[in-house]
Structure formats: structure tokens, C-alpha cells
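Just below is one structure, and these are the notes that go with it.
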Amino acid sequence: MTTNYIFVTGGVVSSLGKGIAAASLAAILEARGLKVTMMKLDPYINVDPGTMSPTQHGEVFVTEDGAETDLDLGHYERFIRTKMTKRNNFTAGRVYADVLRKERRGDYLGATIQVIPHITNAIKERVISGAAGHDIALVEVGGTVGDIESLPFMEAIRQLAVELGREHTMFMHLTLVPYLVAAGELKTKPTQHSVKELLSIGIQPDILVCRSDRVIPANERKKIALFCNVQEKAVISMKDVDSIYKIPQLIRAQGTDDLVCQRFGITAPAADLSEWEQVIYEEANPTGEVTIGMVGKYIELPDAYKSVNEALKHAGLKNRLSVTIKYIDSQDVESKGTEILEGLDAILVPGGFGDRGIEGKILAAQYARENAVPYLGICLGMQVALIDYARNVANMEGAHSSEFSKDTKFPVVGLITEWIDGDGNVEERTEKSDLGGTMRLGSQLCHLAKGSKARELYGNATVEERHRHRYEVNNNLLPQLEKAGLKISGLSADKKLVEIIEIPNHPWFVAAQFHPEFTSTPRDGHPLFEGFVKAAGENARGEFEK
């Protein structure tokens, strides 16, 4: 099979939505029956985003095989059916680390190691390997054209276009066409300069996707085509929309996928976008609304919880409910009290690290438990629910996690020192292990208890979900917690680790050690989130007994 490549770059400013644009095109191509994959090349020196601050970089998206990756891979999985792996995202840091490791082993036989050819060759090898077995691979290069960090990646994709042949490669460049109110017109000059910058490193774009707050008229598109040396039909107007799930239809209407198929000589049926039409219909026609409080510590950057945000919206679609997320700083719960949680239809505590705001999260779980408010805890959100239950129901005064209190009498949550990974191998960790790449990561099997809400929601006895944590429930204290009424409704493959807890005498209180948000999609949703949002709707309608 010959793989064709679409290299996606961005110019003018960052955060234009290269990932969304690329994923939307990928969704259309997939809807035409083609086997599509996507890749993200990140120019930063970190080996992966696993230890980067969520308030700087956004969330870390975890793949099935346990790779800690850029949040754009979450967009990819939400738009196309292909599952991402560790091969679909790599950084400059990863490439340099691999090249230096080979140099230390003597693999280069004494050669002087340089950016060209050694680094660029390593990039090309990873791109080819990650794209193997697919009809089309869309490869997104992070950053903005002109950034010094991205130059090795730009050079690598330029070389790939030469080596693979232009009949098997395309360049799609995303730019900004701003509207100046004072002048009363759109300005194309930034796009022209961005393409000029791209040309200076040997890359001629084949498709220009132009972001704007309005439709770019034909005369402006013609002007862009003339000065940027592209076909007029290859200048795609991508105006701002109220839902990212409308973008596949937006670019399909302009024949973008036809340009791709013509270039690669592919004959494929017309795109069937009926699933996306259904998503758009459900989003535009809710029958009610709910407000869900998300109590976290990274709320100044909503992208820190990107997959959770999207999963709540997906669940809203399935329940025909408009979901409003109210972001609440857990430190505010500590300082202002739980009064700020009043009026919410449901409460969600997402994952996180560190002790800042931890007591606020525990208070949020306690408030939901005591006031019959639907509660969904994810990762740390399960652990704080457990701590609250231990302290205030099981009479374990001062109970805490050993992550935050080394001398607590009741360490209901502790460091996992040994577990079985998804491949059946034994993993071991200690307090002295590195922070990066040492957590329990990736998809793991979970056994669901009979009669549990979790089993009812999933409709199966087992399920696989993705993990990212190094602390777990302390099994030594489980008997005391269960005696006090806590229900363990999910266990790991070897049945040694607690994966899900529930409170049976509560209308809807479920908390999971794993991250269900990573497998939610707009077309399919996710059972836990669907059940949670449904419960929020029932609470909003006054159907819960307080």
C-alpha cells in the first residue's frame, strides 16, 4: 500500500486550530471510505508533555498504548475512528534523545552528528513508520512557520515531499485573514507574508485554509490565490462557527476532499456525513439545559480539561441537553465555603496532581454526597471522594492520601508499587522513580460488579479504560470502608486495584480511577458521562429526593 501524505502547517499566529482543521478533513476522507491516520509533530524539547504544566500546555491526552501526548490527539480521536498510539505524536526532545542515545552507542560510526541529516532523517523515519498501512496520513507540525524550533521539522517534510514525490504529498497551510473594523475590510497581507516565509524554506502550499470571523468573498480568495501561487479553488474559507463539529461540512462544501483525491489519483465514493449531520442536529435542538460544576485547580485554562469538557458536551448531545460548565477553583471552595456549589445540577471533580486546593475538592465531594447532587469523580476525583467517605462516614479521622500526608493514621490512598499492565507484564515503582513516564498508563481491563450502576451503564461485565496515575486505593483499609457502606463496583484485571466506587444510598454517585473522557466521542458518547448528565437533568427537573 502506498501512503499519501498531507502536511499541515500554520502561519501568522498560533492557536488557529490546525488540529481541528486537519481532523475535519480527515473525517471527510474517512467518510469517503479511506483508511486515514493523523500525526502531531511537536517542536518543544520536552520528551513528551507528561510533566508539563496543564496551565501552559493544556491537558495530556493518553492513548490506548499508554503514550502521554498532545491534546490534539484527542481531537483526532474524536473526529476519526482510527485509534492513536505512541507513533502518532513525537517531540523534538524525543528525536534528539533517540539520536544522542544512538551516538553514545556508536551507531553512527564516529560521524559528526548534525541537524541535517541526522535529526531530519530521524523525523522522516518516525513519520513514515507512523503512517504505514494507511491510504492517507495527515501530519500536523506544531508551532507557527518562522519559529526557530520548528525548522528541523519543516526541513524534514520538505525532504519527504521530494523523496516520496509530489504525486503522493500535499501541503496544507492554515493562516489568519483578519477583518479590520477601522478599514472595513479583510486583510490578506498576513497570509501572503506567511506563505512567503514558507516558500523561503522550500515549501509551496497546495491548499490554503484561511481563518476569519466571516466568509471570505470570492474576490479576496482570488487575490490570495494570485499572490500565493495556489489554485483559487484551493483557497478555503474557514469562518468562525459556534461548534467545531460543523467544520467537516464547512470544508466539504468547498470541495477540499475532492482536491485531495484528485491530487493523489484516488477514486472514492462521496462522503457520507450523516453521522455529523446528526451530531449538529442534536447540538442545535436540546430539550433542556443543565449546569455542571467542575471543581479543579487548573481552571484558568479550560484546555487543561479539554477531553472532560468535550465528553460532557457529547453526553449532552445523547441526552438532548445543553450543558453549561461552571468552572470552580477548588481553593475558592476552601476559602469561601460550599455555598458556592449551591444551585448546581451536578458536580464533577477531574484529575490533577499536587496538594494545592485538595481540601476544596474533598469538600466538593462531601457536599455532593450529603446533598444528593449527582457526582462524577475522575482519577483524583475518585480519591477525594474516598477520603471524604473515610473521614465523615467510616469514622477514620484524619484520613488522607499518602501523596499529601505522609503521617496520616488512615492512608486510604497510597502509591502503587506494583501492577499488571495492559500486556500482562508486571510494572514496579517506588517513591524514588522519575516523574516522567512512570505512571500506570494506557488502557486497562476493569471487571464490573453485578448489580452496580457502572455495570448497568456500560452494559457489560468488563470494560477497558485508560489510566494515568501513580496512587490508588489502599486495600488494607477497604474492609472498614465497605463496612461503612461504600460499594466497590470496578476492579483491575487481577482484581487487586480498585477502579470504580459508588455510594448505593445516593441517587447518582460514581467515581473512577481511570479517565473515561479519553474515549468519549461526539458520535458515540460515553456511558459514564451519559449517565451523569442524565442524572444532572433529572436533578434539574426536581426528580431527586434531597
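For all residues, glycine too, the Cβ spot is worked out from N, Cα and C.
Quick caveat, the model's predicted, so the values are computed rather than measured.
Features as listed in Swiss-Prot:
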{"type": "REGION", "residues": "1-266", "note": "region 'Amidoligase domain'"}
{"type": "BINDING", "residues": "S14, K187, T188, K189, P190, T191, Q192, K223", "note": "UTP binding site"}
{"type": "BINDING", "residues": "S14, D147, I148, E149, K187, T188, K189, P190, T191, Q192, K223", "note": "CTP binding site"}
{"type": "BINDING", "residues": "D72, E140", "note": "Mg(2+) binding site"}
{"type": "DOMAIN", "residues": "291-542", "note": "domain 'Glutamine amidotransferase type-1'"}
{"type": "BINDING", "residues": "G352, L380, G381, M382, Q383, E403, R470", "note": "L-glutamine binding site"}
{"type": "ACT_SITE", "residues": "C379", "note": "active site, nucleophile"}
{"type": "ACT_SITE", "residues": "H515", "note": "active site"}
{"type": "ACT_SITE", "residues": "E517", "note": "active site"}
| note | Neighbours of the residue listed as 'active site, nucleophile' among recorded positions S14, K189, G352, E403, H515 (C-alpha cutoff 10 angstroms), in sequence order, are G352, H515
| task | Please name which of the binding-site residues listed here, D72, K187, K189, P190, is nearest in space to R470 (L-glutamine binding site), Cα against Cα. | result | D72
| message | Quick check on the binding-site residues: of K189, K223, whose CB has the lowest count of neighbouring CB atoms inside 10 Å? | response | K189
| task | Specify the nearest of the binding-site residues D72, I148, K189, K223, Q383 to E517 (active site), where nearness means the distance between Cα atoms. | result | D72
| How big is the Cα-to-Cα gap, in Å, between L380 (L-glutamine binding site) and D72 (Mg(2+) binding site)? | 23
| note | For Q192 (UTP binding site), the same-chain residues 6+ apart in sequence with C-beta under 8 angstroms from its C-beta are I224, F227, C228
| query | Taking all residues of the domain 'Glutamine amidotransferase type-1' (291-542) together, what is their mean pLDDT? | reply | 90
| field | Whole-number Å value of the largest CA-CA distance among S14, K187, T188, K189, P190, T191, Q192, K223, listed as UTP-binding | value | 24
| note | Cα-Cα, E403 (L-glutamine binding site) versus K189 (UTP binding site), nearest Å, comes out at 53
| said: Under DSSP, is Q192 (UTP binding site) part of a helix or a strand, or is it coil? | reply: helix
| said: Quick check on the binding-site residues: of P190, G352, G381, whose CB has the lowest count of neighbouring CB atoms inside 10 Å? | reply: P190
| Just the number: how many Å between the Cα atoms of K223 (UTP binding site) and H515 (active site)? | 47
| field | C-beta crowding around E403 (L-glutamine binding site), within 10 angstroms | value | 18
| task | Taking the recorded L-glutamine site as G352, L380, G381, M382, Q383, E403, R470, identify the other residues of that chain whose CB atom sits within 8 Å of the mean position of the site's CB atoms, giving them in sequence order. | result | G351, F353, C379, V384, S401, V413, H469, Y471
| task | Reduce the DSSP letter at K223 (UTP binding site) to three states and note it down. | result | helix
